[in-house]
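J.: Features from TrEMBL:
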- R126, S172: ATP binding site (BINDING)
- G199: substrate binding site (BINDING)
Amino acid sequence: MKELSWRDTAVRHEFSRLKAMKPFCYGLTNYVTAGLSANVLLAVGAGPAIGTAMDWPSVFGGHAHAVWINAACLMSCGPDEIRLAARSAHEGNVPWVLDPVAVGAGAAEYDAVVRSLLEFKPTAIRGNASELIALAGGHGGGQGVETTLTSDKALPFLEKVAAETGTIAAVSGPIDYITDGRTTIAVSGGDARMTQMTGAGCSLGGFIAGMLANADDRLTAVAAAHAIYSEAAERASGAIGTGSFAVQFLDHLSLLDPAE
């Protein structure tokens, strides 16, 4: 299994491509994580817009370089709306990221809507171990949006999802794993307080979309997003508490330079 970190040239190369393009990224997400998701993209030099599913095809369809869909946006969007956004991205050849928030936590109708989005071939899927296991048909045992399992337990399910859907599947945890079903990359490091920062995973979905907008190699770009997050979290590890950690994480994310 290959490992990647901020020190790798391939990670910095993909990051420099995002910086050069300054992609416009359109997100469908929930109100809890919208602010952090937008701030993460701004920190790395991308341009975020967050709205409703109906905005996407009519207003932004011809302009967005990448899209991310956080399934929790079903709190404010109807199933037909979210499917419309996914279909529009797919048919427009716009890379898009699916975050299957809370899949497998017990809401059968919700799970069915999220699984129906796989029809529109997401470029990447990212989530926690419970979500990815459930999406692959296993028993994830999630508690709401939180996982009860470690990322290594999800690895075979991750590879199954990637192989069956043709997507890049990524799971976050003490070690992050990213795979296209053939090649798997591991990313370690970070800081445990990422799990205490509301929207950390959801905002990663937006960042992955940004990295895919101008990617040289899509698998590497998704893994690079995880590696960059890990590096920013490690640099913020001196923060005294969770509040200052969140601020320092954004600070360090904005200061990371591919040329350093």
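Quick reminder: no glycine exception, Cβ is built from N, Cα and C everywhere.
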J.: Measuring Cα to Cα, how far is S172 (ATP binding site) from the residue listed as 'substrate binding site' in Å?
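T.: Approximately 13 Å lies between the Cα of S172 (ATP binding site) and that of the residue listed as 'substrate binding site'.
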J.: What is the interatomic distance between the Cα atoms of R126 (ATP binding site) and G199 (substrate binding site), given in whole Å?
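T.: On Cα coordinates alone, these residues lie 13 Å apart.
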J.: Give me the non-local Cβ neighbours of the residue listed as 'substrate binding site': same chain, 6+ apart in sequence, Cβ-Cβ under 8 Å, ordered along the sequence.
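T.: The residue listed as 'substrate binding site' has long-range Cβ partners V32, T33, G35, L36, S37.
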